[in-house]
Amino acid sequence: MSKTLKKKKHWLSKVQECAVSWAGPPGDLGAEIRGGAERGEFPYLGRLRDEAGGGGGTCCVVSGKAPSPGDVLLEVNGTPVSGLTNRDTLAVIRHFREPIRLKTVKPGKVINKDLRHYLSLQFQKGSIDHKLQQVIRDNLYLRTIPCTTRAPRDGEVPGVDYNFISVEQFKALEESGALLESGTYDGNFYGTPKPPAEPSPFQPDPVDQVLFDNEFDTESQRKRTTSVSKMERMDSSLPEEEEDEDKEAVNGSGSMETREMHSETSDCWMKTVPSYNQTNSSMDFRNYMMRDENLEPLPKNWEMAYTDTGMIYFIDHNTKTTTWLDPRLCKKAKAPEDCEDGELPYGWEKIEDPQYGTYYVDHLNQKTQFENPVEEAKRKKQLGQAEIHSAKTDVERAHFTRDPSQLKGVLVRASLKKSTMGFGFTIIGGDRPDEFLQVKNVLKDGPAAQDGKIAPGDVIVDINGNCVLGHTHADVVQMFQLVPVNQYVNLTLCRGYPLPDDSEDPVVDIVAATPVINGQSLTKGETCMNTQDFKLGAMVLDQNGKSGQILASDRLNGPSESSEQRASLASSGSSQPELVTIPLIKGPKGFGFAIADSPTGQKVKMILDSQWCQGLQKGDIIKEIYHQNVQNLTHLQVVEVLKQFPVGADVPLLILRGGPCSPTKTAKTKTDTKENSGSLETINEPIPQPMPFPPSIIRSGSPKLDPSEVYLKSKTLYEDKPPNTKDLDVFLRKQESGFGFRVLGGDGPDQSIYIGAIIPLGAAEKDGRLRAADELMCIDGIPVKGKSHKQVLDLMTTAARNGHVLLTVRRKIFYGEKQPEDESHQAFSQNGSPRLNRAELPTRSAPQEAYDVTLQRKENEGFGFVILTSKSKPPPGVIPHKIGRVIDGSPADRCGGLKVGDHISAVNGQSIVDLSHDNIVQLIKDAGVTVTLTVVAEEEHHGPPSGTNSARQSPALQHRPMGQAQANHIPGDRIALEGEIGRDVCSSYRHSWSDHKHLAQPDTAVISVVGSRHNQSLGCYPVELERGPRGFGFSLRGGKEYNMGLFILRLAEDGPAIKDGRIHVGDQIVEINGEPTQGITHTRAIELIQAGGNKVLLLLRPGTGLIPDHGDWDTNSPSSSNVIYDEQPPPLPSSHSASTFEESHVPATEDSLTRVQICEKAEELKDTVQEKKSTLNGSQPEMKYQSVHKTMSKKDPPRGSGHGEKSRLKGENGVTRRGRSASPKKSVNRHSEEHLEKIPRPLKSDPKEKSRDRSLSPRKGESKGRLTIKAGSGQDPYRKDRGRSSSPKKQQKIGGNSLSNTEGKLSEAGSRRAAGHPRDSTEQLPDGREKSGVSRKDLKQSQPGKTRTKSPEKKSSKVDETSLPSKKTSSTAGRVVSEKEKGKKPTAGETSRETVEHTQISAKQLKQEAQEKTALGNADDHKGRESEVTDRCRERAGCTPQSSSLVKKAPITPGPWRVPRANKVTGTTGMADKQL
């Protein structure tokens, strides 16, 4: 953009290198090194001894031309020595082995021996000389400390940061010549003294710092040199011209026109590029302007500055704006139409690209085009379009209206079908409330072009019956986004309004939406080329309806098209201020940025380490830190707030970005150019063009990107790919540990390749864009579809040799995906490719669609709906609260005015849009029995999808697990108002057995619909969890092998899942890390979760709170295995089937409620797999048997006990009950629970650790298969027990356990018992049958199946199986076997007809038994106590002992099974030892 100065040779062209070696005594260099910083000189060469003499060594030139005496020494083996003392220079030379490389230059008028002279010269920032000056200062500060006359600031240490001296002392130093450079900055004197010839004994050896500068933290040096480099030098001067040495030529990039040696030698200065600029306004840098132009000084309060790449820009401190245009040349600049052929207007650049041909860059307005701007201007002038548009603009503005009847023009109606490329037209406008949205361009071959009814300039009036006059640009784009591919949209347009012209008001905002192409943000400096007629500034609606700004077109077909060039690169964002949330991570040295005071608050002054504050930009104003408003805090208070966070803490930062920026000379890096800032344009005005950001786009940052990058960014617009997916390119640089991710898949020709685990602290995690379960499409441009796993690894190995890789991955997206706000404004990473702008796609709620719904409930019921609240802050105008479920038969259902997905904007006339979750709950509670909701109808779909219908069930099935029901204690998004707000659950839960029996079958049918993948993305919500110390905190049930879907089985208390608050027991898992779960196995689901590393992304469909049992799907298949990565600690032992919240409102007796619960539970368990075992709060003890054949009569429900006060008593005594929802509402054995909680649950089982893994399963009795299957037993040999094992493969392997393994486990169980764990005991019936109870501690052996006889009236909802003995059994005398008898085993005859029954364990009684060594004296008491409890429970359940038939005896084939050592068998007496 700038004119080239008169080019002369730079001193760099005279630099020469040679390799020399010494011959002589060790330490004798054979050459004389003179000068040094202590003398104010560069190091330079003296006499070279090329002949032996005087006892010294000789200098032998190995290669290159021998240097001459007096040559300035710049480098030794690539290490800069300028600014070092003579002593340190010699130390550096002696450090290297011979031969050594010397880089020297002949002294001239710029570089000579005088160090002070060189430091006093003014050089363009980013130039070689400027960098060399910084190298000199850094080397000086190894031995000297700058001095200043200002007072010390907070944290500064005198003698370390500065020597703080008086003005008189400073003057004395200056007059004595002791200062190498001096000047003033901010009214204070600064100077750099000469270093001492000999360092003090306390100073470290600087050689290592000089040699390995990149390994040392130079930030402190940078802070110290900032003021020195910014100061106004008292002796500053311009480099003198000489015949063989010339000034630098500015060509727009800050590089010098030199010989070939330039590129070879300039890299050595790159490592110390400073992070600050010249800012003093008196430094006009006149030496870089053409002398013959005789330009006058800059206008008042104007300043010229340079980008990091050397481009000149100008700062107008009057308006706090920046511009590329030199205000002094504005008057001399020609209008484009006045330029000659071959001449370009000022500020334009012509780019010759080998792939895309010739195009033009307007550096003033930050835009590109293919047409020559001179030819374009002349054509416009001939047609007179500029005047026409200018005249019509005022008319257009004056006639804006929101009333369609007042529009002037012809109404046009069109119906367009959305294709994979969108609707085929671009829109512009809508940046202000009084601006029309108009069609800017109709794309060739698109749906709009094929329809033929839409033309450029048409005003969009109506979309699908919704008037959009006055709507914002973003509003309309979102409406188009919500239209699925292949669906039609009806448009009403008005023809008769011209498009706005370039010559409009220069301060108008151009496009107020971040351009997005296929979900990826297209920011300033990026280019998207296409073969279509894309026009600048237009919003292209792609297949997802996202808007993408195309920054170049390949041809311009007419006057109207060519005039549509006003939207520019810089207009990718609004000039209006915007609030952005940035996630910070506190590193070992802080958050990686510095702040300073500003009129609007604490401003980000400098980015010190971007890895901890990715997305943060210089100039951002801090508004909130971790949701705490800090706008009114002082600088020190904000610093203290930041200091209080520990290392590693994630701290969200709310910042204000955009708007009028404060004056700055900071040459923004490429990262800074990615911020969303507006561009203010002018064409015809003769005043300088203001821009709210410092321009930094040169040839490399303008549309001339790498051709492959341009192609990859643009090809996705029309690429044939599945809907609801997006492709992105991720460029990674290899670290020592590799690229930081694993690859899955490729096992077959049709299997895709997926990204596996993201390695912590690896390259992929630091980059932040790659996700587990992303489908890998290409590696360095090579498609991997159909390739084997090994071939993919070979490609990655090749990429690793190159040190970098470009990955193309495909990611599935879905409605309502909650994306972190921080990524919507992520800056470029160090790899140079942008992060995704994964903006949320909310449904817009038009105010005219709102209506009121009044709900009135009875005293004994709730309102019957569930509210979902978005955790992340929604976009402006989007209501974050919506209906998540409507309970069947509830007031919400009866009124007919609420449906799933409707948004709630107000409660009783009070707006809740900005209210917190808890406040909304309280507001509804305070409403009493009547509440009025202001509802905004859902726009995404009409009526709930089939998956959501599963939520509409009887209130009897709607109870939530304890710990999740009380709305004001839920830690997440969802509050359940179905029964929690003033609800009396008694009437809701009073159902007869027959009523409940009829409910079970429809329940199963509805859940079957949930299992099918019907429109999965609708009605679902995404949840992303981070692994906690003990896992994700949930467990699954189901899978393809069980002929059912995947469901949430339980939530661990205090685990990540329950803390998130959106996950509930019974929710169906639709996707795991982007992969659909339809048809996948249980094992595959676990692998997907494990592949995600520390994070997992789940797509969930709301459930009913009940878990569909595998018996309801396939009674011959097991279905549950533990994927509970975080075992939950127990709640209070007095838990009940209904939630705590609901029980607090039960006015009826507990007996009535408990009887209903018993009936419910019995029916729920009726059709389940036969092998249900007793559960101890999800940690089922294993019954130590190898092979026992159990049969179950599905006709006869099992017996059970009631749940009145006696049931609660049993809970208090540690008797564990099993709840269907497997949530934290089960009582537990305290001792065993504490034991389990201390053991982390592994994700995969090592074969060597299988026994230990089993011990960790919360329901081992259910998870273990039979060890031996006997023919003729009535059991299906292929049938597996239901289990919830932490190992995905455990179910298939348990059946093969050998006897030796069992013995080992038994011995281990025995050793654990010796350590003091509660003991197991066996209750042996008179006929040889045993009744076994197991401590939760002993989890080492699989439990066999069981014969169960059911009776409906005796099924308990709390106890899985408590098979009580008959009168005959209970009256039999028995005794408790002592410890010494534990090793005894039963005979085959004793066990041949045995039916093992369970009784629950009382932790208190177990502990008492463990303490009492003599069990014989207590046997009768224990037996009597249990019998009494049993009888009372039976009475409570409404049955008598006479009604309890004897257990049906199934023939058992004798087998070589062993009784665990914990179980005491007493010979042949037939007496049962009860476990107490």
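Positions of Cβ are set from backbone N, Cα and C atoms, glycine also.
The secondary structure of Phe123 (ATP binding site), as reduced to three states from DSSP, is coil rather than helix or strand. Annotation source Swiss-Prot lists ATP binding site at Phe123, Gln124, Lys125, Gly126, Ser127, Ile128, Asp129, His130, citing sequence analysis.
Residues or ranges marked as compositional bias 'Pro residues' in Swiss-Prot: 193-204.
Among the features that Swiss-Prot reports, compositional bias 'Acidic residues' is placed at 238-247.
Here Swiss-Prot flags 559-575 (among others) as compositional bias 'Polar residues'.
Look at Swiss-Prot and you will find 946-956 (among others) tagged as compositional bias 'Polar residues'.
Positions annotated as compositional bias 'Polar residues' by Swiss-Prot: 1114-1123 (among others).
If you look up Swiss-Prot, you'll see 1285-1304 (among others) marked as compositional bias 'Polar residues'.
What Swiss-Prot lists as compositional bias 'Polar residues' is 1363-1373 (among others).
According to Swiss-Prot, the feature domain 'PDZ 1' maps to 18-108.
If you look up Swiss-Prot, you'll see 116-290 marked as domain 'Guanylate kinase-like', on the strength of sequence analysis.
What Swiss-Prot records for 296-329 is domain 'WW 1'.
According to Swiss-Prot, the feature domain 'WW 2' maps to 342-375, an assignment based on sequence analysis.
Among the features that Swiss-Prot reports, domain 'PDZ 2' is placed at 413-495, with the record citing sequence analysis.
The average pLDDT the prediction assigns to the domain 'PDZ 3' (581-657) is 85. Among the features that Swiss-Prot reports, domain 'PDZ 3' is placed at 581-657, with the record citing sequence analysis.
For 729-811, the entry in Swiss-Prot reads domain 'PDZ 4'.
Per Swiss-Prot, domain 'PDZ 5' is recorded for 852-939.
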Taking the Cα atoms as reference points, how far is Lys125 (ATP binding site) from Ser598 (phosphoserine) in Å? 26
Whole-number Å only: compute the distance from the Cα of Ser598 (phosphoserine) to the Cα of Ser127 (ATP binding site). 31
Quick check on the domain 'PDZ 2' (413-495): DSSP residue counts for helix, strand, coil, in that order please. 14 helix, 33 strand, 36 coil
Among Ser127, Ser598, all listed as recorded positions, which has the most CB atoms within 10 Å of its CB? Ser127
Most Cβ neighbours within 10 Å: which of the recorded positions Gln124, Ser916 is it? Gln124
In the three-state scheme derived from DSSP, which category covers Ser598 (phosphoserine)? strand
How many Å separate the Cα atoms of Ile128 (ATP binding site) and Ser916 (phosphoserine)? 57
Cα distance, Ser916 (phosphoserine) to Ser127 (ATP binding site), nearest Å? 55
Could you tally the C-beta atoms, other than its own, that fall within 10 angstroms of the C-beta of His130 (ATP binding site)? 23
Looking only at the domain 'PDZ 3' (581-657), what are its DSSP counts of helix, strand and coil residues? 12 helix, 35 strand, 30 coil
For Phe123 (ATP binding site) and Ser916 (phosphoserine), determine the Cα separation and express it in whole Å. 57
Just how many other Cβ atoms lie inside 10 Å of the Cβ on Phe123 (ATP binding site)? 22
